[in-house]
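Asker: Swiss-Prot lists these features:
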{"type": "DISULFID", "residues": "417-435", "note": "disulfide bond"}
{"type": "DISULFID", "residues": "424-444", "note": "disulfide bond"}
{"type": "DISULFID", "residues": "446-462", "note": "disulfide bond"}
{"type": "DISULFID", "residues": "498-511", "note": "disulfide bond"}
{"type": "DISULFID", "residues": "530-539", "note": "disulfide bond"}
{"type": "DOMAIN", "residues": "57-165", "note": "domain 'PA'"}
{"type": "DOMAIN", "residues": "413-463", "note": "domain 'EGF-like 1'"}
{"type": "DOMAIN", "residues": "494-540", "note": "domain 'EGF-like 2'"}
{"type": "REGION", "residues": "610-631", "note": "region 'Disordered'"}
{"type": "MOTIF", "residues": "604-607", "note": "motif 'Tyrosine-based internalization motif'"}
{"type": "TOPO_DOM", "residues": "585-631", "note": "topological domain 'Cytoplasmic'"}
């Protein structure tokens, strides 16, 4: 980064700091009361400044015995002993101010087993609020684990308690939070000042976790008419001399009127401050429009869904992603856009203008200078932003005996999937939903139904996956039955996707019958007559011919008998030749044998020289022999 750029950045930072310090100068210290019950001679009531960490016992009180950590024991290190009083009461530990963070003192006190910690001021001054330390790895290890109440007491009161303990007196105190928050009527009004930046580390994570965890409580209170919740977002404005600078342009909308710090504190990388302001404005408009539609509690759904689906960490923090969340929750997008207006216009935005005015405290209400800040009945909440701790504070804001049931029961459950399916995907036809109700709210997660896993984002899509997917609503694919015939675009041979069956065309989600006759894709042979049918076609040939579908041709049905005649003639000719050959063979064989016999006999019977005549017949012997052999 160049020196010029560094200088401009520093100048802008200082200018913004002066603006903030000039506007936000009045911080209200929220208090509890501390009463000395024993010794009776010391009975009196004092104020204590509630710490902005731990868990104040709003609406209640604590009576305990006091112990002192000791001179020079600042509680900056773990105590090597536990503090046990003489009587079976909770222990209230006094620790001197100084040397380390307030929260670390209270943490070490909590580790030693005490029920509450009072930090004794070492300066004679008005009470101040003990705040959490700056974000650091060391502080983050214990700050969220603080579960006990703590407060700062003034220098004079602390010395009074120490002197009594030094004399061996048993000191019993009552710390009372019952009047720490106003409780005028049967409805509690509370506000949460936050922002949409999810890249600011543990503090941003704390805010988002609170919204997710408190959503169930908040929606029950809002739907029942027990509370009136309003979200708020801190913005600054750019000094007039810097409006045209690149820094102001990257951090502000509406010509420098509404600004937020760069989330990465790097003007050349990642998201800009104006992206934060723009989403802050959208979330304000979501609440405004939802409230006009008597659905103000939907703000909690939008914020949690936006964080899940459109986070900066996943590089999805965008207008397009936000609008998809709006539509999934059934909110009128056009009205929200109208509420947002044009962020580039050189005009005031009425919504953000009102936010800047509310940041400045009026009357008994202090300025909003810390994020997050929770305000209950116009008084700032002190303590960690945790579901049960905040619920207890809100419940303490009801007029006595008007508390709703949620304040009287430790268990709470609401089925958020019953309304608009929780903004999740659902298939009404097969009664399958991605909405799962949990104690902390609902989640959108594709289900497993009858052994079939659905896959998708759970918000806009879930599709059955695997070999058995067609058993559930045909895998989400097209399917239709006509005249006893059923066709489907789902195939169990494929683990996903839809494909129209033969005879149909489309994307698988919708399929239409193909008119093979009209498209001339079949039955185009000579003499063929084509008739379209649902899922196929019928082709008939003229005359006595038969249609062959694979070859798209017709053949003669009588052709089989005509074809056999030549074969028969040939076979008959072959048979005749065989018979004739056999007869000729027999004749030739006999003639050959006769000649052979005659030749043999002629050697032994000279027939010509002995040509005698038989007296009985008148024939010669030679003639008789020939007749005999020929017989």
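Cβ atoms here come from the backbone N, Cα and C positions, even for glycine.
Quick caveat, the model's predicted, so the values are computed rather than measured.
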Asker: Going by C-alpha positions, which of the disulfide-bonded residues (417, 444, 498, 530, 539) is nearest residue 462 (disulfide bond)?
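Answerer: That would be 444, nearest by Cα distance.
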Asker: Non-local Cβ contacts of residue 530 (disulfide bond) (under 8 Å, 6 or more apart, same chain)?
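Answerer: Spatial neighbours, sequence-distant, of residue 530 (disulfide bond): 516, 517, 522, 523, 524, 537, 538, 539.
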Asker: For residue 498 (disulfide bond), what is the secondary structure by DSSP, using just helix, strand and coil?
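Answerer: SS state of residue 498 (disulfide bond) = coil.
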Asker: Cα distance, residue 424 (disulfide bond) to residue 417 (disulfide bond), nearest Å?
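Answerer: Each residue's Cα considered, residue 417 (disulfide bond) and residue 424 (disulfide bond) end up 8 Å apart.
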Asker: Fill in the CA-CA distance, residue 435 (disulfide bond) to residue 444 (disulfide bond), as an integer in Å.
Answerer: 5
Asker: Can you name the residues of this chain that are 6 or more positions from residue 424 (disulfide bond) yet have a C-beta less than 8 Å from its C-beta?
Answerer: 328, 417, 433, 434, 435, 442, 444, 458, 459
Asker: Take the domain 'PA' (57-165) and count its residues per DSSP category (helix H/G/I, strand E/B, coil), listing them in that order.
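Answerer: With helix first, then strand, then coil, the domain 'PA' (57-165) has 28 helix, 23 strand, 58 coil.
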Asker: List the helix, strand and coil residue totals of the domain 'EGF-like 1' (413-463) as derived from DSSP.
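Answerer: Helix (H, G, I), strand (E, B), coil: 7 helix, 21 strand, 23 coil.
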Asker: Please report the distance from the Cα of residue 498 (disulfide bond) to the Cα of residue 446 (disulfide bond), rounded to the nearest angstrom.
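Answerer: So the Cα of residue 446 (disulfide bond) lies 19 Å away from that of residue 498 (disulfide bond).
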Asker: Return only the integer: C-alpha distance in Å from residue 446 (disulfide bond) to residue 511 (disulfide bond).
Answerer: 26
Asker: Tell me the Cβ neighbour count for residue 539 (disulfide bond), meaning other Cβ atoms within 10 Å of its Cβ, over all protein chains shown.
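Answerer: Step by step: centre on the Cβ of residue 539 (disulfide bond), count other Cβ atoms within 10 Å, giving 20.
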Asker: I'd like the Cβ neighbour count for residue 446 (disulfide bond), meaning other Cβ atoms within 10 Å of its Cβ, all protein chains included.
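Answerer: Taking every protein chain into account, the count is 22.
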Asker: Give me the non-local Cβ neighbours of residue 511 (disulfide bond): same chain, 6+ apart in sequence, Cβ-Cβ under 8 Å, ordered along the sequence.
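Answerer: When sequence neighbours closer than 6 are ignored, residue 511 (disulfide bond) has 478, 480, 487, 489, 500, 501, 504, 505 within Cβ distance under 8 Å.
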Asker: Calculate the per-residue pLDDT averaged over the domain 'EGF-like 2' (494-540) and state the result as an integer.
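Answerer: Across the domain 'EGF-like 2' (494-540), the average pLDDT comes out at 87.
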Asker: Taking DSSP three-state, what's residue 511 (disulfide bond) in: helix, strand or coil?
Answerer: strand
